[in-house]
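K.L.:
Here it is, the structure, as structure tokens.
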């Protein structure tokens, strides 16, 4: 799943019940309860400490839930049973059991959760006066049910004199239950347990019927299962779903109806209880259920789109990774519990229906002539999180790859042309991976589809890959170069998963990093193959490698391989460590092994574990067999411990040889490592010299704290550099004389671009950590005056941006802007505004970067030209090229007024392409006037901005100025309930928090942020909050330590006649 790009370059939500309650409803009394005492709804777990909302006013606000209840009624009616009759029949069956010797206590009062009889599934529009039934209890799908009425029905089977004792016992138990609800303390969080192994699925026969008007769906599951050990219950994952009926039919025996559904909300499980023991062997589990097409961008959800005629409609789409298949159908929702799937969808006949496999049948639906039933071929054995289905209106373009796979790209209606670039990339990528792994793509087709509302960048569902529109669609005239590159990388990432993740799947979420880290590395290999002109491996260092090091230097980082218990913990590790550090150490491993042996090892791994599950150690074993190197021993030092090393190096000349002394220590963002333990990494060290900067003169595995090496035949005047190609995942600190000898190699470009970038980034990070002076780094930055490489400039720009944000807390912010103008002016003048003959992809990227940097910094000529071009663009005289829009937009906004902002918002409204809308959204925060900043923040939560894009608008404000940062943080606090309800549990909540507070540099702000989230918990973002507080304190320390020295240097430089 390509959420790294959204997390990094730019890991659920609360149920609509809690969001829609009015203040009066929220003021009503609440009953606290324990999930072990009563059947409770999965949705209730979304409310703090599983609160049960009481009050008829709350019920009356659940119109959508009523429609879900109507679905439940219709589903029962189709079985020839009314809702009340169905419940009465079930009561009679229970009573027969009690009469034949079963105990009522076993159904209602047992301390074994799975043995309890659930309350009835009452319709919300009952055939009796609703006012008679108070208080209300939330049902499994989040509907409000009358607790008093339910109690009366529970008691009714035992109302006879013969059952008086039992009835009294039950009544007493229920009364004490109610008092426990009122008085119970918040239950402690129970240890998480994976699903029991007694029953396992072999095949899911799944039919779903989504209602795109009422936003509900009906489902029928017929799962072929194997009972591995005799049991009277089946435990499955289930969330936000109401089960209507369930039964089990052993092969050759009579159907057994489930007599209880016990929902365990915190663990998102349901226990189906049966009146007799299910014996070992195979059988068929049948479940009828209903659910909601939610608006939370997870599970089976609705996605809003606009037709070419301007109508607003909804598609039904899925996003199941990590643990949301359970929101679409009851299932064994763990990656290691694989099965095959036979999927059918009942949909409007004018809609496209897609799933993992190809369509095998499409026929009219007998109950409704406006619907069709679409059946898909059986899938291979696969994990639930990779299942997908989409229902909506789409156009497509198609081709066949050179190895015969049908490739389609689905686009919004009328935009098929925008799918052609992704189609070209996909058609090249499938054969590349087939050849690289020496394993064919195992499905007959691959669909790539653009989804309007989508939280991540993309999702690798087997055979049906879903994308944000901006990650898939390219307009030949209106898409910029960076968008084309982004689409190529994301397509490469998701298609790599078709082998590495889908064919062979991680055994548990602990090994998520291997899935995502590998795909994040090989996407670059693929793009380098398809588009060598992108110089993509240099960009990898700036985009992934250095970002991972920035995060991994924190005390609140985590190892690559994190032990995951409860699936809610998974969202915390969809971060730059799992993706970018994972990719970086695999890149280092590939370099250490060599491409030939690496490919042999990958082939062995994929063929040995195809259609199965594997752990990290399984890959190490395969690579070890192929290479004969100690892969596990080396890699465990990188994956099982947090952080990475700083290698300090100094050199002494001995005649014609150089003697190098290397020392490794843990690199810390807070300064020199001073821990009592001495973590050790096994570091592949490569060393080059000025004699041949592109080839290693020596390679060695550093497996101890200190190492002495002798470089033969290395003259005194020759420079020496460690970490050729910036491949090893470590930072290097050179002695002063070694660093001095490298600076001319930056100026004359004899040092390769990726090494120039790595050297500059290491120095900047050492300065942030207080190991060297920030002034020294600024001096080195001036050596890049002749730099031609886009990625080197991109990294310089990023680091200067960090420094500018820090110095915005001082009264000499303008001085650092002068420095930025001086550094970027020469390359800006050289590039100019318009492309020159012979220029390519990287020149376009560089021009946009440099003009944007100069414009924001207030470079007079750039500002004037940007305003002129913007005016012509708005008036239609001369439309800006796609590559110039972002730099022009940000420049005019940074130095604009209310008219500028209104014009930009008008452009946003007129834009037909999501890429253009996003481009505008990301720069709106550059506006500087306080009242306009508030206008942008209000716009962020408006209907004009898609839910997943609100975060980037708020983040743009926070990063735009000091005033914007304060305003954005206040806005997040003031609107926390709405934002948390929208993004809760997903990685976007972490992204929102990071963007909002990371730029602060005052100690008290760390305390404020910490205090706010202590009173407003965001469990899935807990680690992010800790990291943000740590970063704020680090920024404050950096400012105190270096601000005055930087100020003096900038003043001296300004006064110097040699200043540019």
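The backbone N, Cα and C atoms fix where each Cβ goes, and this holds for glycine too.
TrEMBL does not curate its annotations; it predicts them automatically.
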K.L.:
I'm validating the feature mapping. Which of 64-92, 93-121, 122-150 is tagged region 'Disordered' in TrEMBL?
P.N.:
64-92
K.L.:
If you draw a 10 Å sphere on the Cβ of residue 516 (Zn(2+) binding site), how many other Cβ atoms land inside?
P.N.:
29
K.L.:
Once near-sequence residues are set aside, which residues in the chain of residue 497 (Zn(2+) binding site), 6 or more away, have Cβ atoms under 8 Å from its Cβ?
P.N.:
1, 460, 515, 519
K.L.:
Over the domain 'ERAP1-like C-terminal' (719-1032), what does the predicted model average in pLDDT?
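P.N.:
So the average pLDDT across the domain 'ERAP1-like C-terminal' (719-1032) works out to 96.
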K.L.:
Express the distance between the Cα positions of residue 516 (Zn(2+) binding site) and residue 579 (site 'Transition state stabilizer') as a whole number of Å.
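P.N.:
For residue 516 (Zn(2+) binding site) versus residue 579 (site 'Transition state stabilizer'), the Cα atoms are 5 Å apart.
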K.L.:
What is the separation, in Å, between the Cα atoms of residue 493 (Zn(2+) binding site) and residue 579 (site 'Transition state stabilizer')?
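P.N.:
Answer for this pair: 11 Å between alpha carbons.
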K.L.:
Return only the integer: C-alpha distance in Å from residue 579 (site 'Transition state stabilizer') to residue 494 (active site, proton acceptor).
P.N.:
13
K.L.:
Please give me the CB contact count at 10 A for residue 493 (Zn(2+) binding site), counting all chains in the structure.
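P.N.:
Other Cβ atoms found within 10 Å: 31.
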